[in-house]
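Report on one structure; see the data block that follows.
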Amino acid sequence: MTNQEIWQAVLGEMEISISRANFITWFKHTFISTIEDSKIIISVPNIFTKSWLENKYNKAIISALENVIKAKISEILYKVEPLRRDSAAVPIIEDVAIVNEWPADEKLKEKASKLNQFGLNTTYVFENFVVGKNNQLAHAACRAVAANPGTTYNPLFIYGGVGLGKTHLLHAIGNELSRQTKKILYVTCEKFTNDYVQAIRTGRAKEFKDFYRNIDVLMVDDIQFMGGKDGTQEEFFHTFNDLHQSNRQIIVSSDRQPKAIPSLEARLQSRFEWGMIVDITPPDTETRAAILETKCREKNYNLDEKIIAYIAETVQSNIRELEGALNRVVAYHQFNHIDPTLETTKDILAGIINNYQSKSISPKIIIEIVSHFYDVAIADVLGKSRKKELVIPRQVAMFLMREEIKTSFPTIGNEFGGRDHTTAIHACNKIGGEVKTNQRKKQEIESIKQLLYSL
Ligand code: ADP
Ligand code: MG
């Protein structure tokens, strides 16, 4: 096996144990620099990644490496080293594509207009979207919108958990409509927000408005992140009205229903309810098997029915993880040049089955994940120490209990060894405020949420 093949197999393993966003953030542009005896040097693009891998993923990387090379590893060193053309890096494909960008400056503007109908993730199409009971309605609504944009279902609001196919469907609509001469725009909520803030800062609000109001089909992915961003909501509200009045299509996705999005203005909520609201739920075993079959066909890889059935039964959380498990099985057998059997597949998936036991989110799980994230002991988070490195995780856990599962303040207090409810209120206000004003804090909370929802 070459270093590149080894790293590919390790990445296959990491990919399924962490969220997609974390995977891309921390493993992009990493590669094995050298392997000497039981010492391995891994190159990383920057110091931030270095410290993150050292502190958060070192153990997991060692165990994945040991699995792949079937030998003990005494030490891993992470070295900051830029990617070169000849680096043994493994390309990581990011799944967010942008059809058409709000141009940051004149040069980009020119480029963006050329990109108009391209740049969508062309692998996300209706043809390879497997329809099951869980997504039937969402799929039908998206097909209808792609056939007749701006008429029946406007806006179309799609919601459902992580990795269940929302982004895939938005791109599928985009790909379908890009064959016509429609002006299509796919943006993540984050991008819409950042562009808006940027436009205001640089005195180009008018251009921003003109740009967005000139679009035929606007798709905003993960709109739940607009919660609490008042200025952006205001702008989006006017964009929405403008587009809607002239029968242009709006499609949004979210991880929850409009009324469950925290701090989303009532008038936006009610706009979203004007059109069609459809949900996607987790797929059943048959649908999961059908998805695996489709992915195997796409990859030109033959897997026995029994093996497919086994993976489908074992990996129940979401489709992204299902794909990750499949990739891992395929990578292992390809690199070792052996034919897959049920036994080898079971071995490969054995270590991760626990990760997939679908747990519903509870205060206990939030405390566990937050402690894990900050690398502190659960007992210390629950304890009385006022040390900063413990107070922060404690307050973040309280905040997430409130925001994500609507735990009452007195119950939050109880979860933390009978603290007073005012302590919980204070923590939620404090972290809530920080998330609004501090980009890094916000990202931190997002990463924890990703962990939580990728369980
Ligand atoms: P979400 O946006 O809901 O988090 P994605 O659209 O990113 O989820 O889907 C995660 C992965 O699962 C993607 O690779 C996507 O192609 C795949 N996927 C999701 N649903 C289906 C489906 N019904 N058929 C085939 N692939 C699917
Ligand atoms: Mg998505």
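One-based numbering along the chain as shown.
Using N, Cα and C of the backbone, Cβ positions are placed for all residues, glycine too.
Positions annotated as region 'Domain I, interacts with DnaA modulators' by TrEMBL: 1-110.
Residues or ranges marked as domain 'AAA+ ATPase' by TrEMBL: 152-304.
Taken residue by residue with DSSP, Gly163 (ATP binding site) is part of neither helix nor strand, so it is coil. Among the features that TrEMBL reports, ATP binding site is placed at Gly163, Gly165, Lys166, Thr167.
Sequence annotations record features per position, and here TrEMBL assigns region 'Domain IV, binds dsDNA' to 334-455.
In the predicted structure, the domain 'Chromosomal replication initiator DnaA C-terminal' (362-431) carries a mean pLDDT of 92. Residues or ranges marked as domain 'Chromosomal replication initiator DnaA C-terminal' in TrEMBL: 362-431.
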What is the Cβ neighbour count of Gly163 (ATP binding site) at a 10 Å cut-off, with all protein chains included?
21
Cβ-Cβ neighbours of Lys166 (ATP binding site) (radius 10 Å):
24
Going by DSSP, how much of the region 'Domain IV, binds dsDNA' (334-455) is helix, how much is strand and how much is coil, in residues?
89 helix, 0 strand, 33 coil
Let me spell it out: for each of the binding-site residues (Gly165, Thr167), count the other Cβ atoms within 10 Å of that residue's Cβ, using every protein chain shown. Which one has the most?
Gly165
